[in-house]
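Engineer: Before we start, here is the structure in question, set down as structure tokens.
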Amino acid sequence: MNLTCMMIVAVLFLTAWTFVMADDSNNGLANLFSKSRYEMEDPEPSKLEKRKTCQRRWDFCPGALVGVITCCGGLICLGVMCI
């Protein structure tokens, strides 16, 4: 009984906290779907999108040490090159 009351109070507190902390300064819920997909997309790719996701054959791959860059296709990073 005591645990149940504590759980109910905790859920009510967290729900109230969520509503208080929600940023709805621009009436975000009403404007959530107002823009079309084309208007929401950035016409120019960002720097992250321009970056290669994988290294090609004979490319430098320091990712073997850091774990960031991987080789494309079935290639493996041997030393510092994708082979």
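Backbone N, Cα and C define each Cβ position, glycine as well.
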Engineer: Name the cysteine that pairs with CYS72 in a disulphide bond per Swiss-Prot, restricting the answer to CYS54, CYS61.
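Structural biologist: Here Swiss-Prot pairs CYS72 in a disulfide with CYS54.
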Engineer: Please report the Cα separation of CYS82 (disulfide bond) and CYS61 (disulfide bond) in Å, rounded to an integer.
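Structural biologist: Just about 6 Å between their Cα atoms.
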Engineer: How long is the line from the C-alpha of CYS61 (disulfide bond) to the C-alpha of CYS54 (disulfide bond), rounded to the nearest angstrom?
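Structural biologist: Pair distance, Cα basis, whole Å: 9 Å.
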Engineer: Mind telling me which of the disulfide-bonded residues CYS54, CYS61, CYS72, CYS77 has the densest Cβ neighbourhood, counting other Cβ atoms within 10 Å?
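Structural biologist: Sorting the candidates by Cβ neighbours within 10 Å, the top entry is CYS61.
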Engineer: Radius 10 Å, atoms counted are CB only; among the disulfide-bonded residues CYS71, CYS82, which position scores highest?
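Structural biologist: Comparing the disulfide-bonded residues CYS71, CYS82, the most crowded Cβ belongs to CYS82.
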